[in-house]
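**Q** Dropping a structure here in structure tokens format, bear with me for questions.
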Amino acid sequence: MGVLACELSGTLVSSLLLQNSNAIHSFLLTRTYFISSNLHGHLIHHLSINGVFFLYSHLSAGAGGWSPLISDKYQWLEVDLGERTKITAVATQGRYGSSDWLTSYLLMFSDTGHNWKQYRQEDSIGSFPGNSNADNVVQYKLQQPAIARFLRLIPLDWNPSGRIGLRLETYGCPYTSDVVSLNGGSSSLVYRLSPGPWQTSKEVVSLKFKTLRNSGILLHAEGQQGVSLSLELERGKLQLLLRQGKTSPEPLHLTSLGSLLDDQHWHHVVLEQKSAHLNLTVDKNTERVQLPAEFSRWAIEQGNVTFSCAEPVSVALTFPGPQSFLQLPGTTASSPGGVSVGFQFRTWNKGGLLFTFSLPQQEGMVWLYLSDARLRLMIHKRLSPAVFSGAALNDGQWHAVDFTARRGRLTISVDKGEGGIAHAAPSFPITAETQLFFGGKSEFRLLKHSEECRNLFETFQGCMRLLTVENQRVDLIKVQQRLLGNYSQLQIDMCGIIDRCSPSRCEHGGRCSQSWTVFHCNCSDTGYSGATCHSSVYEQSCEAYKHNGNTSGHFYIDVDGSGPIKPQLVYCNMTEENTWMVLLHNNTELTRVRPSPAVSQHSVHFDYSSQEEQLLAAISQSEHCEQELSYHCRKSRLLNTLEGSPFSWWLGGPGQGRVQTYWGGAHPGSQQCACGLQGDCVDLQHYCNCDADRLEWTEDSGLLTHKDTLPVRSLVLGDIQRPGSEAAYRVGPLRCHGDKNFWNAAFFDKETSYLHFPTFHGELSADISFLFKTTGSSGVFLENLGIKDFIRIELSSSTQVVFSFDVGNGPLEVRVESSVPLNDNRWHRVRAERNVKEASLRLDELAVATQEAPTDGHFHLQLNSQLFIGGTASRQKGFRGCIRSLQLNGVTLDLEERAKITPGVQPGCPGHCSSYGSLCQNHGRCVERASGFQCDCSLSAYAGVFCQTEVSASFKPGTSVSYTFKEPYELSRNSSALPSSIYSEMTLRAENISLSFRTNQSPALLLYVSSYYREYLAVLINKHDKLEVRYKLDSSRDAEVLRSSVRNVANGQLHTVTIKRLTDSVSVQIDENAREDFNLTSDGEFNAVKSLVLGRVHESDDLDPDLAKLASLGFTGCLSVVHFNTMSPLKAALLHSDTSPVIITGPLVQSNCGSAASTNPYAAENTHHLSGKKGGASFALSVKKLFCGVIAVVIFVVVTGLAITGRLLYQRKETYRNQQVKDRQENSQDFAFSNQADSQSVPCENPKEYII
């Protein structure tokens, strides 16, 4: 036995054994001795005193070692060091001159020789590597030193060609400490601090404790003004509680830490206070809390321990698996009639068989088991009903069970009745004259039906102790020595329960639950997903939502992905070329300032719906941010002169903000307004309109665009107290567009090119996401190496992506196979995640591939080299193509900046329409942009960001929309300024017509196309509610009528019609009905087309009499997405009337009548909630209501000699409406400015435009 040099309390203890040397040792631990599980095995160089073997041979010193007669997993070797020792390392060697050595083993420690505790490494690895031969020494340095008197080594595996053989050395140094034992009553230890000021910058309290009780006050400290802090053990966890005075009804729970601390093992507790912060450490886990100011100096530190620190012998059993069981003899004939069994158990499982015995006289069985965390008794004799008792018994706490059957009465008690008592009165005697079985399935069949019935119950995995049969304690040490009963695969004299939820590996507020072998994370209401709630279910920006095909609406965005910042609810406005993210605050309306007699300044603070870190991250990530700031004034100065102190200012930027003395539209620090920068102020001697100090209303407004000064936090207005001074202000919502991360890309033009970044740190959780496009068939996207560990993502073939890594358990791979080639030069998205539970890989929208991690294995990913992107350290298997938006644990790597200084790599990556062009719908055309793409809807009858928004209008009988084709004399004129959609050749040999309608009118004219040669085309509903298409392509002949067989099209429902003609062949399709084909007898040319009319036709001289009568009636109903070849006449009338050859007569109302909620998912504003199908959290975000209306603007009356045409345009306006409406401009005719609607606010739902 030897001890290696060890530093203790600043003193260096010299080496007492030199490993692998033949030096004469100056000291032997004469009190050290060994005990083996098999006293008849080989133990060389020993003295035998009362059956105890003293070993003082050392490694490589000749023959010797330990080798039990039987080589199985029930053997062990125990070392008594004589006193508590700080053990730092162990070394093993095979038995000298033999084929006997261990390949792996377990280490147990104890202070008493009982209640053993398994040593686990940092990664919860329980086993230690052994030897590969009998001669070499394998030393393992303990990551955390173990302090114990007893050490027990348990062989797990050994040389299959030999047997168990071992030589052992333990390294460490003596450990001494002051110990106080308290009896659990009123005993206490009080420490009073010396008076006077303290010189230390922090206070530290450190102690170790051990107990069998799961509750009690460990430490109590009092601060000033009656504030006290206590550290209390509750259900095996330490709770840090704060009490505000002795009369405080309920303490404030600051934090809780630790678990299963009532295991009678030493636990280390440290309280470290630094000013207002307190760090609580239990064993290796630390929590930080905020303390009140009254605890800046502690007055008294008091220990009041309500549990004993004695060393009672309590032998426990661990049932680790399905083959674990304990067999004990039943009651003897001398026992009183019946049976009495008692025990305590603890487990995390909801189910499990606790004990069973047979009733041979009744040919029955008795089972006591857990089901749904309740205790349940079943007697298998004519299917007797079950008896229930207790609840939530899988909480990991010790629970006492007493089972008694006497005199025809059966009683089950849980926790001495506190957990419940159940009674039953069986009609037959209950006796246990045969064996009693505890735990899982037995090797013995008690009855012919026993095995069949045992399969009804789950296996018990947990601990038991204090077993009694007929009120007699069972000696479990005799069981271990095979002197009593029988057992299989039990761990005796220890409880091996592990709390896998302490500390919790569930991130972002996920709730941890566990069974005996695994833990689970409930990620609902968190906004995150995955085995450990690591990955966000939301996109990081509005830009990302747009490129998923979404349209304007409310969305949750998670700006840092899997990082600590929570998701936030924002409005994404996708109606413009840029995608705007809108962040609201508590007052976006124009608000009048009301002077207060006693206050010289008016101050207002703005509270945003997003939290501070969310705001700053959103601003930082955006390419551009802006916020409107306006001041309306009458005899109220704003910024004064450049030399004078400003009357008003605002605070903006991080935190509470910094003072800013410039106004919207000007530059920071200029102390100017927009008019001063442009030189057009009302008084050129001033730099703000309001500084002219005039009696007329004026304003200074503009946009704040410097991100460092955003958002606006507060506003201070000073010149409001003078007689006649009036003012109002408005601070608009914060608006940002552009995602710097989403389009950050690099192009690798050679397989040997790569980018390198600092080492990736993802020890416990790592998520990697990126997009790639390539024409190559293979290549490494990413690689980072450690000494043994690594992580790599690669394109292994043209259809397969592989995510591989090693954290010490051997290489692990996760593969996803695609059914289509991935080297198609289109963007593909890769998302990989690795955590302590599993590894997952997702490619595009394919199913996620996962690989579970070992339950007890290494889980720390330890890397130390540079991170390589697009290649490897060996410069082999490099990637050729583009990588974009590369994020590691929510942090985007700036590929473009690094590519600018790296040969063989180019910043950026053009060509997005190949991937996103399909988002442009309904003949929309994808247009490339430097960062992204845009849908050109000029050739589509639809509008919107993806050309998906139907353009519809409600028609009245007098409504007419006339779209004029080019006049003959216009063919030679240059009209390039007009939209291309208005041009058409004069002679048509083909038409492609589509429209949607909704009406109850029958008959009705839907569409009419006229010609200069008295030819026409008409689409109508006849009196039989069927659709007709009339072609008159020869002015000398009657029109040809093509009647559809589809019935009842004038039923008020939305119908879609498609008409296609190629010379004399015509096809008509209505809705999803079969296409109908027709043939014309004319020559197939539609000559000199003149105009297209929707609704009432005013010029009907060229029409047939019946059609002229129908045309004069007009159309009542809805027309939508009218498309004629390349032209969209209805869209031109509603959206481009000023630049299109269109004449509108009568009322024309734009509406959403052409879409139904059931057929158009974009009919209403879309809000993505955290409670959606992906899960998420209910954040308390105050989103302002949107109020939309229609305001009449201008009525134009044009009188000519032929007709009077009136056109009134009602243009859409938008406004935010605050819940607490600020001061309106009521009761003041002089308050001459208008409460302008926010031109930058969230667009209203279903806006309407009126055109007459």
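Glycine is no exception: its Cβ is also placed from the backbone N, Cα and C atoms.
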**Q** Which stretch, out of 161-181, 1148-1168, 1232-1252, is listed as region 'Disordered' by TrEMBL?
**A** 1232-1252
**Q** What is the disulfide partner of Cys909 among Cys882, Cys935, Cys937, Cys947, as given in TrEMBL?
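**A** Among Cys882, Cys935, Cys937, Cys947, the cysteine that TrEMBL links to Cys909 by a disulfide bond is Cys882.
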**Q** Residue list, the domain 'EGF-like' (497-534) vs rest of chain: Cβ under 8 Å, 6 or more residues beyond ends.
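**A** Non-local partners: 124, 237, 257-260, 285, 318, 320, 346-350, 396, 461-463, 556, 558, 562, 566-567, 764-765, 767, 833, 835-838, 840, 855, 1170-1171, 1174-1178.
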**Q** What average pLDDT does the predicted model assign to the domain 'Fibrinogen C-terminal' (533-585)?
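**A** The answer is 92, the mean pLDDT of the model over that range.
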**Q** Taking helix as H, G and I and strand as E and B in DSSP, count the residues of the domain 'F5/8 type C' (66-173) in helix, strand and coil.
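**A** Grouping H, G, I as helix and E, B as strand yields 0 helix, 63 strand, 45 coil.
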**Q** Sequence-remote contacts (6 or more beyond its ends) of the domain 'EGF-like' (910-948), Cβ cut-off under 8 Å?
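**A** Apart from its flanks, the domain 'EGF-like' (910-948) reaches 543, 546-547, 549, 551-552, 574-575, 577, 579, 738, 743, 773, 825-827, 979-981, 994, 1121-1123, 1126, 1128, 1130-1131, 1135, 1162.
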**Q** Kindly report the helix/strand/coil residue split of the domain 'EGF-like' (910-948) according to DSSP, in that order.
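**A** For the domain 'EGF-like' (910-948), the helix, strand and coil counts are 7 helix, 11 strand, 21 coil.
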**Q** What is the number of other Cβ atoms found within 10 Å of the Cβ of Cys909 (disulfide bond)?
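**A** For Cys909 (disulfide bond), the count of other Cβ atoms within 10 Å is 23.
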**Q** DSSP on the domain 'EGF-like' (497-534): how many residues come out helix, how many strand, how many coil?
**A** 0 helix, 10 strand, 28 coil
